[in-house]
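Quick look at what Swiss-Prot lists:
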COMPBIAS  152-171  compositional bias 'Basic and acidic residues'
COMPBIAS  176-192  compositional bias 'Low complexity'
COMPBIAS  201-214  compositional bias 'Low complexity'
COMPBIAS  526-553  compositional bias 'Low complexity'
COMPBIAS  600-614  compositional bias 'Low complexity'
DOMAIN    1-85  domain 'DIX'
DOMAIN    400-474  domain 'DEP'
REGION    89-240  region 'Disordered'
REGION    518-642  region 'Disordered'
Amino acid sequence: MAETKIIYHMDEEETPYLVKLPVAPERVTLADFKNVLSNRPVHAYKFFFKSMDQDFGVVKEEIFDDNAKLPCFNGRVVSWLVLVEGAHSDAGSQGTDSHTDLPPPLERTGGIGDSRSPSFQPDVASSRDGMDNETGTESMVSHRRDRARRRNREEAARTNGHPRGDRRRDVGLPPDSASTALSSELESSSFVDSDEDDSTSRLSSSTEQSTSSRLIRKHKRRRRKQRLRQADRASSFSSMTDSTMSLNIITVTLNMERHHFLGICIVGQSNDRGDGGIYIGSIMKGGAVAADGRIEPGDMLLQVNDVNFENMSNDDAVRVLREIVSQTGPISLTVAKCWDPTPRSYFTVPRPDPVRPIDPAAWLSHTAALTGALPRPQLEEAPLTVESDMNTVVRVMQLPDSGLEIRDRMWLKITIANAVIGADVVDWLYTHVEGFKERREARKYASSLLKHGFLRHTVNKITFSEQCYYVFGDLCSNLATLNLNSGSSGTSDQDTLAPLPHPAAPWPLGQGYPYQYPGPPPCFPPAYQDPGFSYGSGSTGSQQSEGSKSSGSTRNTLRPPACEKERRAAGSGDSDSESDHTAPSGVGSSWRERPADQLSRGSSPRSQASSYAPGLPPPHPTTKAYTVVGGPPGGPPVRELAAVPPELTGSRQSFQKAMGNPCEFFVDIM
């Protein structure tokens, strides 16, 4: 005999039911299926069956005609029973018992209404295992008895820690709720009073169906009355659930006259329990959605125009969306903003949540304003005008938040660091500096900045152009780029100053210092007389002829040959002349000699007194100069001027002239 297997799912129960009908698969009807379910309130359910559509493939088709043939796959029928909203039968009462007005339909289990953890398992399935052998009333009564026992055991651990005396005005969540009460799409009215009439727990199997339904309707009316009183308690529910993390739902109206296409790619989510909704996969440039900017990839599509997708399968939603897009006129899209696509835990904070990370810059400025430790400079508070100092204008222009784009730029494959475009400079001046009646005046001001050196062209052009790159060349920038070691290669000739010796330290021997030192007092031993030093009094020095011997000494071995010529020629004199030795102390430095008579003529008692070494008494007025003929120990040998080749003595007169007035003639050319 032919037999048909029907597998049907009840609400959100994970385990399906199997019944066998003694009817051939091609002849089974909805009436045959309802006859098997005589112990269930079939009039309170909608019947959906697995079917095949030519356009969309496998779909869930609703069949309500009792004489309609049921679609069959591989000799069996797959069905889903969905509770009808507002049904006041035993099944409707049982749905009321699970604390939801409208349980989420099976197709949308993965949508925004399902906020349970993956480990959540409803307890209703265990209480309905024997449903086939019971009447609808007996099943409801036994279910309520189990709930009453569990409520008595868990009375001490009520939701939110409210005491027993407050349970008339507080809400509670039964642990065996058949559907989630934590969904963000459910309002606070979903949480009903956990106290119920004791009479419903004492119903026996002899209770008539009408009596049970009347009691449930009375309880339902009372619950609706409480809904208005407890509407403001939803936000006070436990913060450990998703109830306080409701999604941000927005409605966007798009004008399709300006944009020819919608510009979205949709993605459908499905699992073993049904479809989970339509989501925005990606957004194409140039479309109406991209021009609006409020809809982002990952948002869930809830409604298009007046068509709600909540109770639709993914295939039906796609079909409706295609029909609406093909029509003319504006399109309204209602979407739920997505959460963080990469959550670190199950409970995540929505992206539009007002809690934001701390901005360090804003925190620093706020703290400075409160403490007063970092007052804002007067430079930023005073408005800039055409009468302001150019240096001030340029410094404000260089601030990081000035609004002028200063960055590294490429020109002819050359990187120009911290450069600006001339047009940006003119626009910034015209916007931030008061007093310009038209942009042409701001351009003239920028040209004056270039002329005064505050702006500098890459190739040092003096005419201002708005298409050229410029860098800041003001004094502040130049000073900031200076380096004490810039240009020092170790072999270049530089004029530097040596450090003064410590007053308490003895004077070292055999070293040359660029200062005038007095002769030693008579009490000092002769060993103190360093051949490298000589002192000239202003009354005894005289210029001598070229045939005299040189009283100076040289210690430079890195001096260029031309400088060596001038040094040796200028250092000539006889044994009675005194020379003033001045030299830098850096590496690679040289001695510069000056005749004593020129020094004495241009000096004053004050200048002479300032040249004495610290820590030593000034010389006696009658003290004569100590002059040692010959070079210092370890230095090059000293030769007479006659022994110098004639070609090396030509610059003697010019060097002496330069030393006579060094402030006027000295030019250091490396």
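Cβ atoms here come from the backbone N, Cα and C positions, even for glycine.
Summed and averaged per residue, pLDDT over the domain 'DEP' (400-474) gives 86.
Secondary structure of the domain 'DIX' (1-85) per DSSP, as helix, strand and coil residue counts: 10 helix, 38 strand, 37 coil. Summarised by DSSP class, the composition of the domain 'DEP' (400-474) is 24 helix, 22 strand, 29 coil.
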